[in-house]
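Working notes, beginning with the structure itself.
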Amino acid sequence: MAILFSTKQLFSICIILSFMLSFSYGRSPNPAFRIKAVNLGGWLVTEGWIKPSLFDGIPNKDFLDGTQLQFKSVTVGKYLCAENGGGTIVVANRTSASGWETFKLWRINETNFHFRVFNKQFIGLDTNGNGIDIVAESNTPRSSETFEIVRNSNDLSRVRIKAPNGFFLQAKTEELVTADYEGATSWGDDDPSVFEMTIAGRMQGEFQVTNGYGPQKAPQVMRKHWSTYIVEDDFKFIAGNGLNAVRIPVGWWMASDPTPPAPYVGGSLRALDNAFTWAGYAFFPVPSDITISVTTSQDLTIMGGPVHNTPKYGVPKPMMLWSQHQCP
Ligand SMILES: *[C@@H]1O[C@H](CO)[C@@H](O)[C@H](O)[C@H]1NC(C)=O
Ligand SMILES: *[C@@H]1O[C@H](CO)[C@@H](O)[C@H](O)[C@H]1NC(C)=O
């Protein structure tokens, strides 16, 4: 509990101030001391490129939050476009796709999404008009801005978009996109509700992985990751190979652990507490000084200092340190 409290305090300090803070216990670090550190990326802050397999179990994992999609109507042969980048109608008259033709997903769950346009509005039914025209006018996503993406299982690049009124979007003409197409499809080029989809960009971070698994599954997946990806033996290995520091990227949401804002999952602070303990035992097998620095609001460096006359092990000291340093 004391440890939890103290790491939390570290967060409040670093997040509020968000500039270089450097602490040392007792006296300044030895100037001859050289940091030899390794970055423990992908542990407490997820990065898809570091551990792709963490994303493997996400249902409908091509459609993570932040994914950028472009849609070409198979009947008119042109791209969907939020005219003017947003604020007005959605058309299907562009021969190539760029900013205005790119729709960014806000993932609600594995089947339901909002589509955000270039100027940050959401596409939806024209509730001020006939109720079926597709516009990009709302600044907040409501139920009239909630869509399902249905993929052709034989050709995943072919999709239909189901509107909240139960009908599918169709490109009636190049200048008229409506949500009034009913019924099944054979996915042919003659079906105005079928679009050729291009994935123009993806994001794979902590938000995507926790939002992707959803509130039931994410806590289980993340806690397993935190407790297995970096373990005490890694610290022993790091110290045993001549390094004397680790850099641990941390997320702003950890400041409110164990109840971070959704979709983030609580429990990563416990892993960070473990890191303090393990770093202490690995880097300070003999009584020594310890320095912890926060170089940005999202990085933490734990490193060893010169041998110092302290009680057994350096570990409890930084913990005490946090409770001694109050925010000014
Ligand atoms: C997904 O979200 C929609 C809209 O909030 C909801 O109606 C639907 O039941 C949800 N589906 C699942 C599988 O959770
Ligand atoms: C697409 O349609 C809109 C609405 O009619 C029109 O203002 C715009 O000029 C058209 N753009 C192209 C490239 O045809």
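Cβ from N, Cα, C; glycine included.
Summarising the annotation, TrEMBL assigns signal peptide to 1-26.
When the domain 'DUF7910' (60-199) is classified with DSSP, helix, strand and coil residues number 9 helix, 67 strand, 64 coil. Among the features that TrEMBL reports, domain 'DUF7910' is placed at 60-199.
Note on the domain 'DUF7910' (60-199): mean pLDDT across this stretch is 97.
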